[in-house]
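Colleague: Before anything else, here's the structure in question.
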Amino acid sequence: MTPAVFLVILCLGVVPGASALDLSLDVQWQEWKIKYEKLYSPEEEVLKRVVWEENVKKIELHNRENSLGKNTYTMEINDFADMTDEEFKDMIIGFQLPVHNTEKRLWKRALGSFFPNSWNWRDALPKFVDWRNEGYVTRVRKQGGCSSCWAFPVTGAIEGQMFKKTGKLIPLSVQNLIDCSKPQGNRGCLWGNTYNAFQYVLHNGGLEAEATYPYERKEGVCRYNPKNSSAKITGFVVLPESEDVLMDAVATKGPIATGVHVISSSFRFYQKGVYHEPKCSSYVNHAVLVVGYGFEGNETDGNNYWLIKNSWGKRWGLRGYMKIAKDRNNHCAIASLAQYPTV
């Protein structure tokens, strides 16, 4: 196995032309700036207002279509509303290493023994899983302007497995991964991947807690102290590219680190409902933690979802979470790069 096959993640734009501002949005603009503590220079204010208005109108159109049953989720004006798609991609998402299909096939063969016939066990699995209710999941965090999305699901998956083993839920240090996994191939706040992060924890012999190595939203000098180690792993498992296998793993193992393809024009404004984006592809550019699954309405309605934990703060989505379409041909590549640690 090589890191090149895995998700590389930086962690999530077109500069608008000059246009007249919609004065009817003045009050809403001022309220939004206060809510999200936005401060601009006079020159920047106009540019940001134009972008914000374009996003507001796009969100309003989407939600009108939702009321007519044309889509399955609603969007909202949030912290990212003053950013173009390109600005958002540069800050949160970014670059992906190439995927080598030959090596993917090798992984699938090697991992077959981990999940013998798991795709036939679907009916025996629970209809709903939410590891938050079982104490496996720490609070939602916010990565900010650091492209560190790759680190959050790694700490999240380890936190869950350590809780399963010890009964203690300890928030682990994302900053430890950002500062110290460069020898494994990660690049701090520029980009990284989950494979390299798991490799670091495995070969380093431990990972510090958030309490002793807090998040700084920027890369620093590695200052890992083995005396402060709060978690160790014995290895990690890479799942075959299958939603059935992912379902089995989520139900029987716990929270699973994975990747998704983020369409910045819709994903970043998600509010509620089951996210289904026709423009999604197999191009993975963001990392999340799968903490459960289920369905909305009746099981036969086709509104099955994966419950994912994001790293964009509690003001995004369902207080930091999203329901993304499940059993829809690996929608947004949700099952393509799934991994979990052993402890």
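Positions of Cβ are set from backbone N, Cα and C atoms, glycine also.
Sharing the feature lines straight out of Swiss-Prot:
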type     : residues      : note
ACT_SITE : Cys149        : active site
ACT_SITE : His286        : active site
ACT_SITE : Asn310        : active site
DISULFID : Cys146-Cys189 : disulfide bond
DISULFID : Cys180-Cys222 : disulfide bond
DISULFID : Cys280-Cys332 : disulfide bond
CARBOHYD : Asn228        : N-linked glycosylation site
CARBOHYD : Asn298        : N-linked glycosylation site
SIGNAL   : 1-20          : signal peptide
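What's the neighbourhood like for these features in this structure?
Modeller: The Cβ of Cys149 (active site) has 29 neighbouring Cβ atoms from other residues within 10 Å, across all protein chains displayed.
A simple way to gauge crowding: the CB of His286 (active site) has 29 other CB atoms within 10 angstroms, across all the protein chains here.
Sequence-distant neighbours of Asn310 (active site) (same chain, 6+ apart, CB under 8 A from its CB) are Val140, Val288, Trp316, Gly317, Gly320, Tyr321, Met322. DSSP assigns Asn310 (active site) to coil in the three-state reduction, placing it in neither a helix nor a strand.
Classification of Cys146 (disulfide bond) by DSSP places it in coil, neither helical nor stranded.
Taking a C-beta cut-off of under 8 Å and a sequence gap of six or more, Cys222 (disulfide bond) has these contacts in its own chain: Asp179, Cys180, Lys182.
Within 10 Å of the C-beta of Cys332 (disulfide bond) there are 29 other C-beta atoms, taking all protein chains into account.
For Asn228 (N-linked glycosylation site), the Cβ neighbour count at a 10 Å cut-off comes to 16, with all displayed protein chains included. When secondary structure is read from DSSP and collapsed to three states, Asn228 (N-linked glycosylation site) falls in the helix class.
Sequence-distant neighbours of Asn298 (N-linked glycosylation site) (same chain, six or more apart, CB under 8 Å from its CB) are absent. In the three-state DSSP scheme, Asn298 (N-linked glycosylation site) falls into the coil class.
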Colleague: What is the interatomic distance between the Cα atoms of Cys332 (disulfide bond) and Cys149 (active site), given in whole Å?
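Modeller: Here the two Cα atoms are 16 Å apart.
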Colleague: In whole Å, note down how far the CA of Cys189 (disulfide bond) lies from the CA of Cys149 (active site).
Modeller: 9
Colleague: Do any residues at least six apart in sequence from Cys189 (disulfide bond), in the same chain, have a Cβ closer than 8 Å to its Cβ, and if so which, in order?
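Modeller: Spatial neighbours, sequence-distant, of Cys189 (disulfide bond): Gly145, Cys146, Ser147, Ser148, Ile178, Arg217, Lys218, Glu219.
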Colleague: According to DSSP, collapsed to three classes, what secondary structure does His286 (active site) have?
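Modeller: Where His286 (active site) sits, the three-state DSSP reduction gives strand.
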Colleague: Can you tell me how far the Cα of His286 (active site) sits from the Cα of Asn228 (N-linked glycosylation site), in Å?
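Modeller: Computed Cα spacing between His286 (active site) and Asn228 (N-linked glycosylation site) is 29 Å.
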